[in-house]
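Student: One structure coming up, written as structure tokens, with questions to follow.
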Amino acid sequence: MIETARYRLLLGLLAAAAIILFVLSLTVGPAAIGFGESIAALFDSKEAGPLALIMQEIRLPRAILGLMIGATLGLSGAVLQGYLRNPLAEPALLGISATASLGAVLAIYTGFSLVFPLGLPLAALAGAVVAVIVVQAMAGMRGGALTIILAGVALSSLAAAMTSLALNLSPNPFAALEIMFWMLGSLTDRSMTHVWLAAPFMVVGWAMLASVGRSLDTLTLGRDAAASMGVDLRRVQLLAVLGTAASVGAATAVAGAIGFVGLVVPHLLRPFVGARPSRLLPASALGGACVLLAADILVRVIAPGKDLKLGVLTAIVGAPFFLWLVYRTRRNLL
Amino acid sequence: MLNGVSFSVGEGEFVGLIGPNGAGKSTLLRAALGLVEARGEVAIAGQNAAAMTARERARRIAYLPQEREIGWPVSVEMVVSLGRAPHRPAFAGLDGADRARIENAMGRMELEEFRRRPATELSGGEKARVLIARALAQDAPLLLADEPTAGLDPSHQIALMRLFAELAGEGRGVVASLHDLSLAARWCTRLVLLDRGSIIADGPPREVLTRERLRSVYGVEAHLAEAEGGMLVVPLDMAAR
């Protein structure tokens, strides 16, 4: 089968690109360290010099988080587009990013994050949990795609309003500034603790999302046809919503809201997998990892010392690119 | 919606489900599949359908919904291969028998030349044929089709009815909801007439389709005739109230 061979080649290329970008991410940074030196320092377990410290405590978690969060955004975007049968679906649509952000903002606002270092990501995860409960309760067990979209939109708006309120009432300008900066989304100065906090949620989320691939293929023909072919729609909905919440909630908790990756990457790769939803999932996960790692390298190369935020770059590059995609495919969309 | 409806479909029967809009034809088909909440019993080959898993049921009943929207520009071959989904273990690929059924279904609907085309780019009639091939690939003993002839030209309508009659001839059961009464009368072995959620008549076409029933159920005056070994039903005008 030519199609299957082409698909394997695509996955191979994407995986290779992800590995290359991962290594590049490890070797690019303000501390000018040679390539060989940096890799050696990464695996240096005895000597606790500044080199090893930078590599193991700063760059390694950053690269790992870039890989994991990118994969999360790509995968969840592909699953949601497939499940909702809507090319405009993305992880933020369920309101998970917004409520997770609100949780984090409240942690900063109340000073909880100062007292307890992991307070911020934990509060963000709690926010994601709230989103799941609300969306799932609204959509109900028989709920359709439209209900989920509308519930997500309403929840996002409410969370955004609450975030604005926190900013509005912020007691000092520094807290407000911290909130603003956090919301822009970044991978700077994350530690291995963040990796260990996010990884379990992401892995569980990925497993849930990956398990619905086949059902998404069948859903191409609509909900009734899928149900008549033995797909349990309630199970698919639960797995899609919970999987997105666990993985995207964890991603937002450690890095803030990073937009457009989950929307653009599945679009970009869909033509290369014959539009087949199940094949889009692994491709989109790898593609998301590539895009996020590349963007995180770019913010360090474009403006060293300026701390350009990752979320700002993905939006600045992603939005015009998405417009171009819409322009190119508008005839097919109508 | 439906009340006190009970009927059974045997092997080799091609049942036409007829009745005015809103009579409950689609609801009846969907209830038989467990797609809508329903009280009552559905038994397939003597087994209670409620006790079956969705996959077990899918191996026994293939369903052709009215909705013909295909969500993504996937290839025709891939759409047809979806029919094999209920027969495969969770992560297994297609085996030789699956491929043979897919080829057979595509051949029957004359889709070989479209194989690699995105299904979304086909015309309405071609798309309908692709979706029928998908249901054929499912290879279930019972096929339920909701208005399968809608949007097809006369030759494709007849080809479809001929195919359904063939499937029944092979020992399957076929139930199709239909609006074209002549088509239903000429090709179905049995007609079930529904009105306002109840079965009004159930039997051979000539017994079910009478002038009085068409007047009381559809509210039309109709001309009934015989032509080329089959019945003709031509609605003429609204019945006087």
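Cβ atoms here come from the backbone N, Cα and C positions, even for glycine.
Positions annotated as transmembrane segment by TrEMBL: A:60-80, A:92-112, A:118-139, A:146-167, A:195-216, A:236-269, A:281-302, A:308-327.
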Student: Within this structure, do the transmembrane segment (A:308-327) and the transmembrane segment (A:118-139) have 3 or more Cβ pairs under 8 angstroms, counting pairs 6 or more apart in sequence?
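Tutor: Output no: the transmembrane segment (A:118-139) is apart from the transmembrane segment (A:308-327).
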Student: I'm a bit unsure how to read this: which one of A:92-112, A:146-167, A:195-216, A:236-269, A:308-327 has the highest number of Cβ pairs shorter than 8 Å with the transmembrane segment (A:60-80)?
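Tutor: Looking only at A:92-112, A:146-167, A:195-216, A:236-269, A:308-327, the most contacts with the transmembrane segment (A:60-80) come from A:236-269.
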Student: Is it true that the transmembrane segment (A:92-112) and the transmembrane segment (A:236-269) have 3 or more CB pairs under 8 Å, sequence gap of 6 or more?
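Tutor: Yes, the transmembrane segment (A:92-112) and the transmembrane segment (A:236-269) are in contact.
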Student: Counting a contact as 3 or more Cβ pairs under 8 Å, with residues at least 6 apart in sequence, do the transmembrane segment (A:308-327) and the transmembrane segment (A:236-269) touch?
Tutor: yes
Student: The transmembrane segment (A:236-269): which same-chain residues, six or more beyond its ends, come within Cβ distance under 8 Å?
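Tutor: For the transmembrane segment (A:236-269), the list is 10, 65, 68-70, 72-81, 83, 87-92, 94, 96-98, 100-101, 103-104, 120-122, 124-125, 127-129, 131-132, 135-136, 139, 143, 148, 182-187, 190, 194-195, 197-199, 201-202, 204-209, 211-212, 215-216, 219, 280, 283-284, 287-288, 291-292, 295, 310-311, 314-315, 317-319, 321-322, 325.
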Student: Using Cβ atoms and a strict cutoff of less than 8 Å, what residues sit near the transmembrane segment (A:281-302) while being 6 or more residues removed from its termini?
Tutor: 7, 10-11, 14-15, 17-18, 21-22, 24-25, 28-30, 62-63, 66-75, 77-79, 82, 187, 206, 209-210, 213, 216, 258, 261-262, 264-266, 268-269, 272-273, 308-310, 313-314, 317
